[in-house]
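Below: the structure, in structure tokens.
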Amino acid sequence: MPSARRMILGHVMSGLCTKMNRTKQLPADLMETPLNRCLTTFDITLLGIGHMVGAGIYVLTGTVAKEMAGPAIVLSFILAGVVSLLAALCYAEFGTRVPKAGSAYVYTYVSIGEFWAFVIGWNIILEHMLGAASVARAWSGYVDSMLGNVIANLTMEVTGEMHEKLLAKYPDFLAFFVCLSYAVALAAGVKATAMINSILTTVNVVVMTLVVVLGFWYASIDNWSLPNQGFVPFGYGGVLAGAATCFYAFVGFDSIATSGEEAKNPSVSIPLATILSLCVVTVGYVLVSAALTLMIPYSEINPAAALPDAFGTRGITWAKYAISTGAICGMTTTLLGSLFALPRCLYAMASDGLLFSCFGKVNTKTQVPLLNLALSGLCSALLALLFDLEKLVEFMSIGTLLAYTIVSASVIVLRYRPISVEETVHLAPDTPGTDEEDGGPAGGDTVAPTGGIDSSSQSSTIDPSSPTSEMIEIALAGRLRPQFRWLEPVLGRCEPGVACSGAVLMFCVLSVAICFQLTSSWDELYNGTWWALGLYGFLLFCLVACVVVISAHHQNTRGLQFKVPFVPYIPALSIFCNIELMVHLSFLTWLRFFIWLSIGMLVYFLYGIHNSKEGELGTSYSMLMSTNEAIRGWGSTSTALGGGTKVTVTKIIKGRISRKTAGDRQAIVDDDDDEDS
């Protein structure tokens, strides 16, 4: 009986692991969607700018400058912007691969597996919900400060204060109704939303330009070199802590990827809009924070309304009202961006069966998931009612950083993962290996794959633009490069792609260890303590070894209209920077995050894993690796060829190389058939 129980338990656990690691099966037509494809590159760029330029610039700037970084907030924004750009490049590549709603959730589903996709999707829900709530709270606070805190005082007189440490000082009913009203406005449809967003974002950019020009006009460089304070009054630890918080100001760019299913030409619009919007916003944040800290000493900044008060102290009262107008417009676009992205993430997860099916319905008239929008607006409104801005911002950053980390890891995994040899391709009529040219197998027969591929012999004989060259690159993905053959005793027995995936996992673990050690024993390292130097030396050696192992393998970049440069170095740097910023978040933030994650695990294991639409289907990586043109080109020839000649990728390559090497035109002979005869 005990052995039977072990067998049953082993079978159950094996099946559970298989389900958790299954990848998303993409449709043949990636452009097909019930949503409305009507957004241009300009619309999506303004959507990204509008989502990022809001509470971050008008509220967060004052808080970070006064309490965390001082004038070095400029460095905090530069660091947060660079880290965001690293992640944005990875998002841009995925946006061309998978033009679907869901952003990082879908990207993880097609590359790593269902469990991690659910974790990321669950975090994105949290990110956008908290983003909407925090901006609504900031919107309310700005309006209240313009009215002389009338709303706050009246609310506390009627309801009294909430004396709970985890909650806000008072319930913010204005923020509650702002969330609900904007959710109702979004129900009009995506085109109307894009139009409103474009107008408000334009006003916001004009106000930012005004702030920068006037700020530098009244600037004094002495404010960056005050006695006993200087440019970095809180040390470089304060700069890092400020960067971790400033990261909140850049989270809007992933809403660009979420809009991929509503873009007219996502393979062009998504990468272009992502990089362009992030560069514009980073420059804007750096200039505004520099202007603010040059105008007045950082210790005199009012965190609740930093920019209007700064101009008020300089006697520029008209600028104070102009800035308040820009702040309202900016925070409105940020709120619209969060409430725009959240329902679409719910829709993507429900369409895959991981969330309740009612969230996968789209209204036929407005082409918007209305139930998702109503639930998103209500939940965000409740959070805005009960929590203050600081708690919402910190809680939001951790989920965002984790999503960026996994997206960066997914880029590396996909670049080095080959197509399964069981998957086949249709050859065009002029492709070598067909009956007409080489006397190959009869139409419809499938040739079995054979052994390894001599990569060194094909580089000088294969035309890089030919279909065969593309198939060679696909088949070589995940295999060792010729110059790294000395690693074969260690990695030679690994299946293609497995060593790279393992190295990515090890890189993440080592990054966590190094970042925690840097936080806990920086003084020992700085003072040159022998054990600290030895420990960090060993960890860094292992970290570099992981990158070397990854870069020692062939990549597959075919079919990508946008590619992250310098893979695996840029995604690896993104992973390390994201983890470093996560380590600097507070313990209470981590505790709240694990509570939220625990709720998600209940949803997944009690519902999602049993209702997933992927079931026991295999991976769809071959669909992901081929372009739409390749699908149309090769697929369209199948009828002309009477069903098409199917030949496995490895067999085509071996036959092609052997013919080029021998210099003859003999037919490809299957080794297995030879042995049988």
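First residue shown is number 1, and so on along the chain.
Glycine too: its Cβ is placed from the backbone N, Cα and C atoms.
Per TrEMBL, the features are:
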COMPBIAS  453-467  compositional bias 'Low complexity'
DOMAIN    562-612  domain 'Cationic amino acid transporter C-terminal'
REGION    427-467  region 'Disordered'
TRANSMEM  39-60  transmembrane segment
TRANSMEM  72-92  transmembrane segment
TRANSMEM  173-192  transmembrane segment
TRANSMEM  199-219  transmembrane segment
TRANSMEM  231-251  transmembrane segment
TRANSMEM  318-342  transmembrane segment
TRANSMEM  370-389  transmembrane segment
TRANSMEM  395-414  transmembrane segment
TRANSMEM  498-519  transmembrane segment
TRANSMEM  531-552  transmembrane segment
TRANSMEM  564-583  transmembrane segment
TRANSMEM  589-607  transmembrane segment
Using DSSP, tally how many residues of the domain 'Cationic amino acid transporter C-terminal' (562-612) sit in helix, strand and coil.
40 helix, 0 strand, 11 coil
Candidates 72-92, 173-192, 318-342, 370-389, 564-583; stretch with most C-beta pairs under 8 Å toward the transmembrane segment (531-552):
564-583
With CB pairs under 8 Å as the measure, which of the listed stretches 72-92, 173-192, 199-219, 564-583, 589-607 comes out on top against the transmembrane segment (395-414)?
564-583
Which of 72-92, 173-192, 318-342, 370-389 shares the most C-beta pairs under 8 angstroms with the transmembrane segment (39-60)?
318-342
Before we move on, state whether the transmembrane segment (173-192) and the transmembrane segment (370-389) share at least 3 Cβ pairs under 8 Å, counting only pairs 6 or more apart in sequence.
yes
Touch test for the transmembrane segment (231-251) and the transmembrane segment (589-607), at least 3 Cβ pairs under 8 Å:
no
By a Cβ-Cβ criterion of under 8 Å, what residues six or more beyond either terminus of the transmembrane segment (370-389) are in contact with it?
55, 59, 128-130, 132-134, 136-138, 140-141, 162, 166-169, 171-173, 175-180, 182-184, 186-187, 338-339, 342-344, 346-347, 350, 358-359, 361, 363
Chain residues in Cβ proximity to the transmembrane segment (199-219) (below 8 Å; excluding those fewer than six residues from its ends, i.e. six or more beyond):
46, 49-50, 53-54, 57, 284, 287-288, 290-292, 294-295, 307, 310-311, 314, 316, 319, 322-323, 325-327, 329-330, 332-333, 336
